[in-house]
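Here the structure is laid out as structure tokens; the discussion comes afterwards.
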Amino acid sequence: MTAWDPTRAAGLEQMQAFAPRMGRAYSANRNTDFGPGRNISVSALSPWIRRRLVTEDEAVRAAIEAHGARGADKFIQEVLWRTYWKGWLEMRPEVWTRFEIERAQHDPMAEAVRAAEEGRTGIEGFDDWARELVETGWLHNHARMWFASIWIFTLGLPWSLGADFFLRHLLDADPASNTLSWRWVAGLQTAGKTYLATAENISRFTEGRFRPKGLATEARALQEIPVPAAGPLPPARRETPDGPYLLLITPEDLTPGDTIGPWEIRGVVSALEPGAERLGEHPQAFLAGAMADAEQRAGVRYGHPAQRLAGLTGEALVEAATAAGARGIVTPYVPVGPTASELTRAGPVITAAGLDLVMVRRPWDDGLWPLASRGFFPFRERSESALRTLGLPV
Ligand SMILES: Cc1cc2nc3c(=O)[nH]c(=O)nc-3n(C[C@H](O)[C@H](O)[C@H](O)COP(=O)(O)OP(=O)(O)OC[C@H]3O[C@@H](n4cnc5c(N)ncnc54)[C@H](O)[C@@H]3O)c2cc1C
């Protein structure tokens, strides 16, 4: 297990160190939660992958190199779950808006919510995971499933507040993976299909550390107005236009040089995500370190020291672009979430100043996201040829 040093170099090192375990060992043991600091059966790469300090492409390549596509099948599948969730939400942005509205309708300070977040419910395991999340910034996948299920079906708390608790404390907190996983547990994502945590399953996959009493014995799916059908992916630019440009770094892609490549860059600015001040101690520290690492790498690559903006406003971006003598602003594609909402608000000010705001999407996302129009298994099937197009020997 790792201490999550927030740099690309440390993420790549962790990926290489885990590569020998991306094959049979992973598929045999990935469901067991061995406890804090002992989860050597999973990669713990999610904080780096979330911020694109390490990419899905790199993780899948490392797995194939070490075990071949068949041997690494399970690991590849799990990485593809992330890609699927990202693509699914990107084509249905309303689901993120619905989550924000739903969250605002509940009282986060209600005593039952605070007791759950502070690990004071008296439910074995659940209280331990609540504390582990706050104290480390990470939970094993199975613990996340049990926690969400107990939150919703045993404690009867609003799912959106549980998802918000995760968003504030996970190092890998992600608008797509988190929201859609909570929705899946609640029976909203696959309408009618819920996830019920049981004492037997928890005991088995925690090696007997926990066997909670009094868990809900049934999980009735939550209801909602049906989600709209998938829309098209928003456009993103691939060809390199004439510069010069101002490069904007956001926490959505902290390896911007990879995406932007040889564009003519006259200045580099960065901005934290809106709401970063709500994050817990560990995610705040990880994000601060990860941003500094990205700023340093981009500064060296493009020959301009990065300047941190106080906020992601149209005015601040226009001022920085004008000062740099740029005719537009370029940024790696910003998927659905708080940063994208802020950029949408900034858009009219940027356009009114006669500047171009260009987002560049990675070939991975361009090739795979459009396939997330239905369920995961059709996506998985269709992903094979997209992966081959990306040069992966699957
Ligand atoms: C309620 C709930 C909330 C979650 N919230 C998040 C979140 O905010 N951010 C997040 O990245 N993941 C989230 N997940 C998915 C998953 O739990 C984590 O990605 C995984 O535990 C990370 O650990 P790892 O890096 O050791 O994964 P590994 O098992 O080593 O997998 C390798 C990589 O594949 C991806 N991955 C693996 N499993 C999943 C999965 N089920 N869904 C999506 N991607 C996956 C991750 O990028 C991970 O780093 C959530 C799951 C649940 C049930």
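A Cβ is built for glycine as well, from the same backbone N, Cα and C atoms used for every other residue.
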Annotated companion of Phe75, Asp172, Ala173, Asp174 at the FAD site, TrEMBL, chosen from Tyr26, Tyr245, Tyr302:
Tyr26
Among the binding-site residues Tyr26, Ala173, Asp174, which have a Cβ atom lying under 6 Å from any atom of ligand 1?
Ala173, Asp174
Which of Tyr26, Phe75 (the binding-site residues) has the most other Cβ atoms within 10 Å?
Phe75
Specify the count of other C-beta atoms within 10 Å of the C-beta of Asp172 (FAD binding site).
22
